[in-house]
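Listed in TrEMBL for this protein:
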TRANSMEM  14-38  transmembrane segment
TRANSMEM  50-70  transmembrane segment
TRANSMEM  91-113  transmembrane segment
TRANSMEM  133-152  transmembrane segment
TRANSMEM  164-184  transmembrane segment
TRANSMEM  190-210  transmembrane segment
TRANSMEM  239-261  transmembrane segment
TRANSMEM  287-316  transmembrane segment
TRANSMEM  337-355  transmembrane segment
TRANSMEM  361-380  transmembrane segment
TRANSMEM  392-414  transmembrane segment
TRANSMEM  420-441  transmembrane segment
Amino acid sequence: MNENTQKLNLKREIGLVSAVSLIAGTMIGSGIFMSPQWVLYHIGSPGGSLVIWAACGLLAMLGSLSYAELGTVIKESGGEYIYILRTSGPLPAFLLAFTSMLVVRPASIAGIALSFAEYAVAPFYQGCPPPELVVKFVAAACILLLAIANCLNVRGSMSIQVFFMAAKLISLVVIIIGGVVMLINGHTSSFQNAFQGTIVGINPIGMAFYQGLWSYDGWNNLNYVTEELKRPEVNLPRAVMIAIPLVTVLYLLVNISYLAVMTPTELMSSSAVAVTWGNKVLGGWSWLMSVAAALSSFGSLNGTFFSGGRLCYVAAREGHMPDILSMAHVQRLTPSPALIFSTAISLLVLIPGNFKSIVNFFSFTAWFFYAITLSGLLYLKLKKRHLPESYEVPVVIPIIVIIAAVFLVLAPIIDDPGIEYLYVSLFILSGVMFYIPFIHFKLCPNFLTKATVFLQLFLEVAPTEKNTD
């Protein structure tokens, strides 16, 4: 290659429609079909559960507006990682990448894949729970299929996102219409004394938020692909303002429909809420709800996979991960090594994982780093006002989200301390043992250099540079 040969970079192929689909399509996934019973279980009443769902939507909206400002000031991909790196320094950014790439993102992918698999096989095991081995095998096949699709073409993976976004909107509208019909016919018993039995306490409210926010996960996905977004200073805040209010309204209406069709006891005892709803409303066509939930989870998984690969790619580009993970395919211009790495870790996490533990672990660690990220935004707003900004939120908004994030991190620990939270904290801090020799002192084992050369030739990938156009 001569001196005039340019390095590769990822192209800007994500427009406004794709951006809205990436946010809303990732958010509307397994959560709305699996979390309602857990939100109701922890908070204890239908009215309380609806308040939690609305509050989760408001929190996601405030958080995403704050992230939109970060994305217009720091116009780089990588989400929380790149923001923490630019505002707080390399060590906390590395700890985020270390935790996210090894546990948080793979756990999220595995959790959604398990949800997809449970709904996909449910019609074949009517009247009894499907074998765990079958569920995990289908989940693994789903992860591998999406890994291949995302490695082949960015535009193709965005087309998948838009298509499944449309499919899941139709599914939710069907559920909403069914609920309206039931309400018109007088099925309102769940809403009489709606707040009776509400459980008030730090731990139950915190756990209810965890389960609700799982359904809103993905509100920050667009910030992971800023360099691939057309006109990010315009489309980033615009996509957020369209997608999240839409999802919040849909979630509230869907939960009202669930409660119109099922009693609170029936809802809490259901292992697949959408299927139970379908059995009561659609009769012989109830299998459509399993299909709809599976398609919804599939689309959500595609969005999570797409953004998760970018975190790995950007961290490697900044020197916090092996160089091979920062490379892109020379023809397809996709970060295929990072996507392959994410796939491998997700498959490993899938083996022992179960849905509820994955949700709790993901929420605890994610909101810890959200607080650090938004503290960086406050720093930028208060100390560096000379930075050009095309979009700005009032300072009170990130402050509210930081307070909520601190509550969500401390709530389960204060009210019901568990040894697992200590393990989580120790795991995050264990990243220091890798940071000091390999990042700070830049020690590189000889075999890693040889492996990089081999994988670069084998995968047909090359180094990339930031997309600054």
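Placement of Cβ uses the backbone N, Cα and C atoms for every residue, glycine included.
If you look at the transmembrane segment (287-316) against the transmembrane segment (337-355), you find at least three C-beta pairs under 8 angstroms, all six or more positions apart, and that counts as contact.
Away from its own ends, the transmembrane segment (239-261) comes close to residues 16, 19-20, 22-24, 27-28, 32, 36, 46, 49-50, 53-54, 57-58, 60-61, 64-65, 67-68, 169, 172, 175-176, 178-180, 182-183, 187-188, 190-191, 215-216, 219, 222, 267, 273, 277, 280-281 of its chain (Cβ-Cβ under 8 Å, at least six residues beyond either end). Between the transmembrane segment (361-380) and the listed ranges 50-70, 91-113, 133-152, the one holding the most Cβ pairs under 8 Å is 91-113. Residues 23, 27, 39, 43, 79, 83, 194, 205, 208-209, 212-213, 215-216, 219-220, 223, 236-237, 240-241, 244-245, 247-248, 251-252, 255-256, 370, 373-374, 376-377, 380, 389, 391-393, 397-398, 400-401, 404 of the same chain, all 6+ positions outside the transmembrane segment (50-70), place their C-beta atoms under 8 angstroms from a C-beta of that stretch. Of the recorded ranges 91-113, 133-152, 392-414, the transmembrane segment (190-210) has the largest number of C-beta contacts under 8 angstroms with 392-414. Counting same-chain residues at least six beyond the ends of the transmembrane segment (392-414), those with a Cβ under 8 angstroms from any Cβ of the stretch are 59, 62-63, 65-66, 68-69, 202-203, 205-207, 209-210, 213, 360, 363-364, 367-368, 370-371, 374-375, 377-378, 381-382, 421.
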